[in-house]
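According to TrEMBL, the feature domain 'ABC transmembrane type-1' maps to 67-258. As annotated by TrEMBL, transmembrane segment applies to 7-30, 69-91, 103-124, 130-149, 237-259.
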Amino acid sequence: MLGKQPIAFKVGLFILLIILLVGVFAPILAPCDPYQMGTPYLRPSAQHLLGTNDLGQDIFSELLYGTRISLIIGLVSALAVTVAGVCIGMLSGYLGGWWDRALMEVTAVAQAIPSLPVTIVLAAFLSPSLWNIIIAICITAWSGTARIIRSRVLQLKELPFVKIEQTMGASHGYIMARHILPNLFDIVFVRGVLAVGNAMLTEASLSFLGLGVIGQKSWGGILHYAFFRSGIINGYWWWYLPPILCISLSVLGFLLLSYGGQQQLGRRN
């Protein structure tokens with residue numbers, strides 16, 4: 001079955017599987033305790049593959065452990081954003097009337113707010129914990145999915161089989177669960193995959209600004225310390241370049257998976 005998938009889907013899936021495995025097995029793969037201090041500013045060597053930071057911590061081990069926080073925040077945020085967007089979009093599109101007007105007004109407000117500045121303000125206002133970062137990321141990110149879902153539902157509810165169910169007295173919940181939701185899978189998949197990449201990128205931005213999860217290694221956090229502790233100015237490429245590559249590769253993987261999945265699902269439709 002995988003052999004029939006578009007090349008973009010397979011490449012994206014391969015990249016993300018590698019990242020997922022690295023995150024799961026980070027304690028086994030890491031050669032050192034990422035919090036253990038030693039000689040600072042060591043260049044890459046056999047003992048420290050990516051050298052050490054200003055505290056003498058092994059950067060390669062930091063990078064492996066950082067995968068976990070980035071993935072957790074990305075996956076949980078994407079799940080919350082997608083579920084919220086699907087629920088709001090379905091209710092708005094199917095029920096219509098004042099439900100549609102009220103929910104679309106809220107969605108329009110959420111879309112009008114610049115997401116990254118609001119996320120930064122919320123993350124700064126809330127205590128920097130894992131769940132508060134997720135809440136800050138999700139606060140406006142659902143609106144795009146809600147609008148797209150609503151547009152599809154407006155089309156689906158006019159189809160003959162839905163009209164027949166309505167005539168026979170089927171409940172709104174039954175029709176939405178049995179006939180509407182299964183026909184939204186392509187949108188849900190594409191938007192959900194993109195949401196993971198966006199959430200990971202946002203988390204990296206917050207961590208770079210010093211608003212990430214305190215006491216936990218993350219790719220954005222590594223960049224933060226590399227920048228604010230003169231790693232970039234002094235040309236310590238082994239400190240700042242690997243997290244940049246990891247963030248870029250992760251986002252690329254999710255983009256390819258989303259694009260390939262969209263191609264395949266569009267072909268089936």
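Cβ coordinates are placed from backbone N, Cα and C, and glycine is handled just like the others.
All TrEMBL annotations are machine predictions without curation.
When Cβ distances are compared across the two stretches, the transmembrane segment (237-259) makes no contact with the transmembrane segment (103-124), since fewer than 3 pairs at least 6 residues apart fall below 8 angstroms. Between the transmembrane segment (130-149) and the stretches 7-30, 69-91, 103-124, it is 69-91 that has the most C-beta pairs under 8 angstroms.
Counting only same-chain residues 6+ beyond the ends of the transmembrane segment (103-124), those with a CB under 8 A from a CB of the stretch are 88, 91-92, 132-133, 135-137, 139-144, 146-147, 150, 202, 205-206, 209, 211.
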